[in-house]
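**Q** Let me begin by handing over the structure; questions about it come next.
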Amino acid sequence: MTTMSFFTVLSVAVCLCIEAGVEGSRLNGRDMLMQEESPLMERNALKYDSRLWPDGVVIYEFTSLRFYRKLIKRVMQHIADNTCITFKERTNEKGYVNIYNGKLFTCFADMGYYPFKQRLSLGLGCRSFGAILHELGHVLGLYHEQQRPDRDDYVIVYKDNIQTGALRDYEKRFENNTRVIGPFDYDSIMIYGETDARKSGSVTMKVKKPGATLVNASLKHELTALDIKKINTLYNCPGKDKF
């Protein structure tokens, strides 16, 4: 890959579709951006170390969300308490994530690390502990659990029931360009709920395991043990439990 192509920004249409009524405040639909679609990008986690935050230090900057900063920092601390990841407010670093108030219900994050300004948009639909944790998972380099190449062994995806703008988040990736970390996790902070991104009155995903459920990330309050091990493995955290 050439330097020029690496820094080319892919213009991606992002649509975070929030359903009305009781689900109106939940994370739902398309919520991640990629600076470039390339073999560097895995679908369980980023493939190459060059796309991970150097030394596991995530540099961030707030440009809005004044009244939500304490909550966002609590989510960051939850990650730091369970992994070797640390979060540092920006001084003059070139590579950092800008955290801001997105338009209406727009929630998305640029994937992994780049040596320039990245975005983490937290609109009205993403201001819960779980939704912020989900987006920070993308910032660290985690993709959606339902995109794993082995996902069909664990869930049924109903593509016809998914809103067009969110179909990309349900695309299954191939084993030849994907490194899968750990077992499938029905409870992962990175998996969608069974009605997320749905067309009216339909289900987008069902589990194959009896007794398992799929819950919207906005209703969750922590990383699972498997989420933690995946991050620790991805960043090769010393002294931490890894796969």
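Cβ from N, Cα, C; glycine included.
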**Q** Name the residue, out of His78, His144, that Swiss-Prot lists for the same Zn(2+) site as His134, His138, please.
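**A** Answer per Swiss-Prot: His144.
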**Q** I want to verify the bond table. Which candidate from Cys17, Cys84, Cys107 sits on the other end of the disulfide that Swiss-Prot records for Cys237?
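**A** Disulfide pairing in Swiss-Prot: Cys237 with Cys84.
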**Q** Taking Cys107 (disulfide bond) as the reference, which of Cys84, Glu135, His138 (the recorded positions) have a CA within 10 A of its CA?
**A** Glu135
**Q** Out of the recorded positions listed (Cys84, Cys126, Asn176, Asn216), which are within 10 Å of His144 (Zn(2+) binding site), Cα to Cα?
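**A** Among Cys84, Cys126, Asn176, Asn216, not one has a Cα sitting within 10 Å of that of His144 (Zn(2+) binding site).
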**Q** Would you please pick out, from the disulfide-bonded residues Cys84, Cys107, the one with the fewest other Cβ atoms within 10 Å of its Cβ?
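**A** Cys84, out of the disulfide-bonded residues Cys84, Cys107, has the fewest neighbouring Cβ atoms within 10 Å.
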**Q** Going by C-alpha positions, which of the recorded positions (Cys84, Cys126, Asn176, Asn216, Cys237) is nearest His138 (Zn(2+) binding site)?
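**A** Answer for the nearest of the recorded positions: Cys126.
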